[in-house]
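This report concerns only the one structure given below.
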């Protein structure tokens, strides 16, 4: 068959069967941030920040809300209010209201990921109050850069290892896996700015508790290697008094030190299978950046003492965190996962671990190596 | 019908290209979704199932080569006619060709389904079928040399997708593979059986063998090609087990394509669209080689000119594929093809070998008797 | 005895004739043309002779000095044998048919007929006007010889023979075209070129049944393998160094009278992206340049269709930050992306075509006016988006990196169907187009040899000539895919031997 016949046939078939449905960029509203809240009596409220590229010079971002029993109904209602379709392919951030998170999120997430054209990379976060509150605060400053600020807060922080990166994919993955629970960052509006204030801990898919952002890295260190994170720790002055270079500033018993974790890693070992006793090992290599009291760190003995104090302080914080977790019965660090890898003959189930976790015992060993402390003593 | 083919010197291909033919026809549409089916049986030990299937495939390939080497220059059609007589031999050949036609249809509708799911929900099935079939017809009309050339080039042009797997690999969770050796042997074997449809394609050796120029070097490219495709399937299975949690791996339909959803580059945000479009270059070699086998079979058995079979078969496929557009129907067809393929490609050569050897032994003995 | 020396007399021999009769016949053949100069000379002894030629075809000075002078000052009675010895011009022949005489007059022969003889004596004194050797106009190289072929076959053959100083060089001449015959010259090195290729070209040329061949590129189209393909199957070049380089490597060249391009066959797809500069530069720079060209054409073919597909169907591919920029620039445009891109591409092709046809002085102005001002005005008027202008301009620029003009034109034309496919079917359309191109190239043949050699059929040893260059120690083989008779250029071991340190 010559090329000409081929071409004529192609043309005919195309004309007969019609072409593909276009989804032109400027004819649709492209959603960037999506918020889900629970309104009264089973209704869901959806809020969306979207871009519509219309007349030039105009800021393309706007806001729309909808309501319905299901997410799709809410989206349809939003479409009715506007003159065009909203597309969900480029959503960067999905926000959930606190009540919605406490109720259970898995239905919304499943609805989102059922769509094969959905983006698995969208970030997830919980709002302190409701999603709509947080999003509408943005609308007061009509500026695309402000819209971008919200996902950027989370993005940058997760890249700096402050919090683990929570995307649609890995939230679901941690949820489905028995023996580990997912987490999510909490954003709140304080002092006229949106901030990352805490890390939400989920039991299954329901919000169970939250820990302040400074302590989030304890969870992070067990998921991945941390590089380049700055932490501040409060240390007692007494054991280090003999290394002080000048008199302490005031009658404080504690002082603060800021150090940069050059490399931090943690791992969990199951020591005793019968009694479920876990040994957690945390290793940090740090650079000292700031001290509020001038402790001289030139001598090896001083460095050793300093290291031991930091180790003690971190260990204490960690054990406090663990007891809180046991009280809430959530396991974001993955102790159950370690147990599962060694449990033969029958796989670990979710309910089994929920029963066992409050009775689990831990011991924590922290090892801090100060690599260098800067140029001045 | 001639048992041994006479092939013109200019139409022969080097054994080197068998590597690309093997991997080209095996890595096709099955790779996209197989890990899910293996996982249903063998869970975190699915990779062991893949290795078992690979070992079985190597054995069957060795047996196939033994069968083929017993003759001067024959393909499976000639061998069947030689052993079973003209009528049954032709019947078996027709069954083989119908099996190929079925596989081609399944590959075609599966790819169309994937495109409809991932990129264009409203695209007309006939349109996509027409696009793909027109390419297949254009290439097969050029003869075996152009098919092998296209298979070779598409292999090179499509393997960059492996580089994209770096990001999912970095997110693998080792604990997903532990504890190891949990599944029982039965489960592992069941898992191995579900990979059959993915590994299918190597039976093309039965058809292409007479066209190879240097037959004495045939084993190495075949072995390397089989290893390469098995390696890719193994890699994909390993990544799916490690990247997804157990429930997700059991339920997500096209798991390998979902792996690419998180890959991002500074100038391209979502790679899964590009991957699904690029998969056309992976599917087409499979369809072209199968179509060639169908035309070759019709010519050998019924003396129908290749051009007529080509256009008629393409038209039939076009018409039929338009009616198969429901997802569960396509999955049912895949499962059916899986079961049929198991018998034709794994069991049949093993059963054929002793018969061939017997016949050859009987022939040489009767020759010796005749000499005396 | 005398019969041996006598020629057999045929009944319808044209000669012998009387001079007056000859003059009448000649004038009647050139009735409305006052081109023919027919002069009758008479010797004292009564012998008459006629000298006739077409005056502007012939070098008059040479006629006077070397023909008429000895002719007229000869003391003996004129006769054909004596004249043969007296006149010092080397290129002499005899002619005895009217057809032969007319054909000879057309190509610049001077005829002398002594009355009563059986044949006329002819001397070849052509004064063909031709261009001086100059720089190539359509292909330019930075380094290396710049001589281009001219319209005169003799000059071209001179240049080629001087470049290939080998006794194995063969230049076969044949006349093509039966109404307006033209000389065509087949050039090859008989110890290197593949005999089958030579025979194929010769047979194709001999079998040609045309009335006229205007140019060598038309000749090339006449003996090409596939007339429906968009890609040229033979390499046509103006540069003499490219031509001679390829002939020395074992290919076959065809030169035509009145045509400044030489045609080389067989050629591969990758030979169209080679420039002799890659050889003259060092190997690393040459490889980089060649790689750059390949990337440039892929970029040129696919970037505009990718933009169209992304904006029309798959905006999710574009990262959010770029999405905002592209969206803002698309917002002003009233057309769908496909039309927008077609308008711009059409505009660029118009500019290119107009720039090629305009006289030089106006051409430069239009280039600047069109390129800068119209482009800017179009964006401000809101007919296209600024991003698309950058993309289209870049892709047009990339398509000009191809050294061969015909291949560059093919690449530019391919972009249009690709854009239409992208506009209709998005990414699937682009992939369909790419697959179609690959299949087409695999099926294409040049002189019976596969077009995509050495990539398919794969020959590792040839890759260093087609895709990249290696240091000269590794270039000791000729292009094996075309099976030359002598595959080796020089000894490999010797080329790679390094002397010991401090020796």
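First residue shown is number 1, and so on along the chain.
Using the three backbone atoms N, Cα and C, a Cβ is placed for every residue, glycine included.
Features of the protein shown, as given by TrEMBL:
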{"type": "TRANSMEM", "residues": "B:15-34", "note": "transmembrane segment"}
{"type": "TRANSMEM", "residues": "B:46-68", "note": "transmembrane segment"}
{"type": "TRANSMEM", "residues": "B:88-112", "note": "transmembrane segment"}
{"type": "TRANSMEM", "residues": "B:118-140", "note": "transmembrane segment"}
{"type": "TRANSMEM", "residues": "B:147-172", "note": "transmembrane segment"}
{"type": "TRANSMEM", "residues": "B:192-210", "note": "transmembrane segment"}
{"type": "TRANSMEM", "residues": "B:222-244", "note": "transmembrane segment"}
{"type": "TRANSMEM", "residues": "B:273-295", "note": "transmembrane segment"}
{"type": "TRANSMEM", "residues": "B:307-325", "note": "transmembrane segment"}
{"type": "TRANSMEM", "residues": "B:340-358", "note": "transmembrane segment"}
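In this chain, the transmembrane segment (B:307-325) lies in contact with the transmembrane segment (B:273-295); the count of Cβ pairs under 8 Å, excluding pairs fewer than 6 apart in sequence, is at least 3. For the transmembrane segment (B:118-140), the partner stretch with the most Cβ pairs below 8 Å, chosen from B:46-68, B:147-172, B:192-210, B:222-244, B:340-358, is B:147-172.
Looking at B:15-34, B:88-112, B:192-210, the range that has the most CB pairs within less than 8 A of the transmembrane segment (B:147-172) turns out to be B:15-34. Remote same-chain partners of the transmembrane segment (B:88-112), defined as residues 6 or more beyond its termini with a Cβ less than 8 Å from a stretch Cβ, comprise 1, 28-29, 76-77, 80-82, 125, 128-129, 132-133, 200, 279-280, 283, 286-287, 290-291, 293-294, 297-298, 300-301, 313, 317, 320-321, 324-325, 330, 333-334, 337, 340-341, 344. Non-local neighbours of the transmembrane segment (B:46-68) in the same chain are 35, 38-39, 74-75, 79, 177, 181, 183, 188-189, 191-196, 199, 202-203, 205-206, 209, 218-219, 222-223, 226-227, 230, 233-234, 237-238, 241, 345-346, 349-350, 352-353, 356; each lies 6+ residues outside the stretch with a CB under 8 Å from one of its CB atoms. Non-local neighbours of the transmembrane segment (B:222-244) in the same chain are 18-23, 26-27, 31, 34-36, 38-39, 44, 46-47, 50-51, 53-54, 57-58, 61, 65, 162, 165, 168-169, 171-174, 176-177, 195, 198-199, 202, 205, 252, 255-256, 258-259; each lies 6+ residues outside the stretch with a CB under 8 Å from one of its CB atoms. Residues 106-107, 110-111, 114, 148, 151-152, 154-155, 194-195, 197-202, 204-205, 208, 212-215, 217-218, 220-222, 224-226, 228-229, 232-233, 236-237, 253-257, 279, 282-283, 285-286, 289-290 of the same chain sit 6 or more residues outside the transmembrane segment (B:15-34) yet have a Cβ under 8 Å from a Cβ within it. Within its own chain, the transmembrane segment (B:340-358) is flanked in space by residues 56-57, 60, 63-64, 66-67, 70, 79, 83, 96, 99, 102-103, 193, 196-197, 199-200, 202-203, 206, which lie at least six positions past its ends and keep a Cβ under 8 Å from the stretch.
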